[in-house]
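A.B. asks: For reference, the structure I am asking about is given below.
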Ligand code: ATP
């Protein structure tokens, strides 16, 4: 397959403005793609060479070396490339123009033939992989040479997108859900197959792998797909409620109640003698936890399994649980062995999804838990999450306060009904989180996506200092604006913000963003921040749940305040518009309940 086909589609994708067109174009590209390279094409579309969970290196070519490669490939002085870059501001476009100039002055160009030999997807992919995997002494020169070789063979449009890819700027705004929809359109025979494809992707969060199976073996094959150790499962997520009685009712009366630990979620895979640990965001964090690997090897039985738990920092002297921030300190340390000593961790296991060729995601919680208990030799490093089974509100509350006093955030109340499967990739009522109440009407913080930014005034003049934040609507795969947040940033965070935002600046609104408010700059929807506010209110300025409560108004967070970045969440993991609606409805109910009880007094 020729790389030119992909470049031409990227060129078209850049110019469209709606999610629907995006999916249709993508479906068109995928149906024209050779089955043998469809996995690679899917990764390239997402601006990567392989799924993040593999933890392989990135290309490692900075701007300076990219300029060098363009200069070699187009026989242009480096200075000339640099000054063109200063004027145009986009290296991809610079490469395109230089290639066109070169082409029109060459004899081949004169004869009307663009180039002797066309670039194939396989060649592009294998050369780029080689560039990424070349490390150590002398690797820089080799990387530049390899890239220059590719660019030399590329036509102007191919060069533009190759350069953008290497820069990590090939963000044509395509999320996983868009690719899934496009796959359903091109191979699954339409929307009816969406559910099957989505289920497969939830069990194996590797879009390339799913695309390849679908293209080569068809939709039937996906129906029976099992999890595969080494490929992360999309995590099961919890709903939230703050009334214990309601919580027990919602899960069917009787529940398994776990401590809700304040650490890092870890999905632990064992495949023969290999162990992998994936984060909440499914990134490969194996190398950060050699101590956890030792615990798994020593205290868990089995050859192939996928289990889940929370890694929690503990006090090295007392063994008591420490807050999540301590784990962050550990991550910042460059010497991992020192970090292990200074910030030791415990692992609290709470689920088992796969064991020796058996898919446990389809089995009820109690069976999963029993199996987990049977393979773990608990000790002071690794154990099963502290839990009870109860149908009594008072018992639940006592356990909740005990959890908080021991440093947990609250409890996770889990259904033990016969249908209490592991709902990969879904947020549902089978798990309900019950956290300590905050000093505000809002029962919890929200995690929102930055979609634009505004310049400040006065002391903050000239600096981007407030952010337009959006919630995720999975039904439409779009980001709907919720609030403008201007407080809560430290000076340091504000400084860092400038660079962070300008790197992802866009000329126009992203096709997946839905906003009435027009910020000073639009950005790619990539960063997620945790936001606290006073309450959820109706607002005509925002599009979240637009018209759902009152015509002309959406929902917004009042007095929003930045708490911290949530780098462990992808934009699609942000709080959903539906959750905001639920939070709003809960508030209304609470207000009505309180006012009627005061009336009685
Ligand atoms: P979410 O993961 O629901 O999107 P979040 O990342 O903001 O939200 P929380 O609101 O803190 O996280 O609640 C869910 C998280 O709680 C899980 O992702 C997991 O990391 C953590 N957790 C701690 N203890 C448990 C437990 N016993 N069972 C399940 N999850 C637990």
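Cβ coordinates are placed from backbone N, Cα and C, and glycine is handled just like the others.
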A.B. asks: Figure out which of 280, 281 sits with 258, 265, 310, 350, 427, 433 in the ATP site per TrEMBL.
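C.D. replies: As annotated by TrEMBL, 258, 265, 310, 350, 427, 433 share the ATP site with 280, chosen from 280, 281.
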A.B. asks: Highest Cβ count within 10 Å among the recorded positions 260, 265, 433: which residue is it?
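C.D. replies: Of the recorded positions 260, 265, 433, the most buried by Cβ count within 10 Å is 260.
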A.B. asks: Just to confirm: which same-chain residues, 6+ apart in sequence, have a Cβ under 8 Å from the Cβ of residue 258 (ATP binding site)?
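C.D. replies: Same-chain residues close to residue 258 (ATP binding site) (Cβ under 8 Å, separated by 6 or more) are 350, 385, 386, 387, 411, 412, 414.
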A.B. asks: Hey, of the binding-site residues listed (310, 427), which one tops the CB count within 10 A?
C.D. replies: 310
A.B. asks: Output, ordered by sequence, the same-chain residues six or more apart from residue 280 (ATP binding site) with a CB under 8 Å from its CB, or 'none'.
C.D. replies: 235, 264, 265, 568, 569, 573
A.B. asks: For the ATP binding residues given in the record (258, 265, 280, 310, 350, 427, 433), what is the largest pairwise C-alpha separation in angstrom?
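C.D. replies: Across 258, 265, 280, 310, 350, 427, 433, the two farthest Cα atoms sit 18 Å apart.
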A.B. asks: Average the per-residue pLDDT over the domain 'ATP-dependent DNA ligase family profile' (338-473) and send me the rounded value.
C.D. replies: 90
